[in-house]
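S.K.: I'd like to ask you about the structure that follows.
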Amino acid sequence: MCSQAPEGRDSAGLPPIMPGGPTLPTLCCFLLWVFTIFHKGQGDPASHPGPHYLLPPIHEVIHSHRGATATLPCVLGTTPPSYKVRWSKVEPGELRETLILVTNGLHARGYGPLGGRARMRRGHRLDASLVIAGVRLEDEGRYRCELINGIEDESVALTLSLEGVVFPYQPSRGRYQFNYYEAKQACEEQDGRLATYSQLYQAWTEGLDWCNAGWLLEGSVRYPVLTARAPCGGRGRPGIRSYGPRDRMRDRYDAFCFTSALAGQVFFVPGRLTLSEAHAACRRRGAVVAKVGHLYAAWKFSGLDQCDGGWLADGSVRFPIITPRPRCGGLPDPGVRSFGFPRPQQAAYGTYCYAEN
């Protein structure tokens, strides 16, 4: 027995080595000590008793698109005697969670704007999955399913990711005009929202190369560079360049906006129109002049390819190119080209209209 081993320990806590080699009791104590230390380091499951009710999700990222119905899975392996499930959305950059829905397994109550579009799936008695109808741009982000049973609360985290497109945006006054809140509003006015860092990174891998810095949803300021060059942060490695922490009220930059698939369609009306004539031309067709986000979404998801400049609602003139060709923007890559912000009275362009389906 270890209790019969010779008294005394060395500085490592080991039994002392006996003259003539270790005895059998001493060797047993040594092996028991090694076994105990190993399991403490590994986190022996037996040393952490207690129920674990929530099953880990098979997929932590759920992909969807605007207007779709998305399901965020949350499943119990077994049910506690009494419990509640609380769904919330983690707001990026704001260090807070927004409550969406609470259920006790029988009844559910929604909270806030998202709660009005959310419900429990209830595919079976252990199902606590959340269903969001009519997914919107602002629904993208991180969600938490939390089991509250008064003994040992548990939670799983999931991310709702929308397929979309990122576009840089600046007003007619020129670059670097927005503080953070103005940039956020500008994106919303153009049928988008401020892009997240992960969305900007994805856009960079798909070819976005832009020299002007812009606000992101988290409050950071960055810009994507594919071809490193002296006027664009130097000749270092390609990547997402960062301006570091910025003051959301005082500092001014452009915006990187994100939009997703459209519920309607964008079409081109040819002519030599002023901006006011462009609005009238779209109204006659039961439509409105398209926003910048509309045009980018039509280019990205509907394959709109039109080598003609057209008015947009913000007073800019742009055109979308899927297949680059001579005398059609002069650039080798697909994209949405811009003529900037001509005088509204200049009758030289057609217009892009947007109509709901």
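Cβ atoms here come from the backbone N, Cα and C positions, even for glycine.
TrEMBL entries are annotated by machine, without manual review.
Just lifted these from TrEMBL, have a look:
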- 1-43: signal peptide (SIGNAL)
- 51-161: domain 'Ig-like' (DOMAIN)
- 165-259: domain 'Link' (DOMAIN)
- CYS211-CYS232: disulfide bond (DISULFID)
- 262-355: domain 'Link' (DOMAIN)
- CYS307-CYS328: disulfide bond (DISULFID)
S.K.: Applying a 10 Å Cβ distance cut-off over all chains shown, what neighbour count does CYS307 (disulfide bond) have?
M.R.: 14
S.K.: Between CYS307 (disulfide bond) and CYS232 (disulfide bond), what C-alpha distance do you get in Å?
M.R.: 28
S.K.: Restricting attention to the domain 'Link' (165-259), give the mean pLDDT.
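M.R.: Here the mean pLDDT over the domain 'Link' (165-259) amounts to 94.
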S.K.: Hey, what's the Cβ neighbour count for CYS232 (disulfide bond) at 10 Å?
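M.R.: 16, counting other Cβ atoms within 10 Å of CYS232 (disulfide bond).
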S.K.: I'm trying to understand the geometry here, so how far is the Cα atom of CYS232 (disulfide bond) from the Cα atom of CYS328 (disulfide bond), in Å to the nearest whole number?
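M.R.: Per the Cα atoms, CYS232 (disulfide bond) and CYS328 (disulfide bond) stand 25 Å apart.
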S.K.: CYS328 (disulfide bond) to CYS211 (disulfide bond): how many Å between their Cα atoms?
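M.R.: About 22 Å separates the two Cα atoms.
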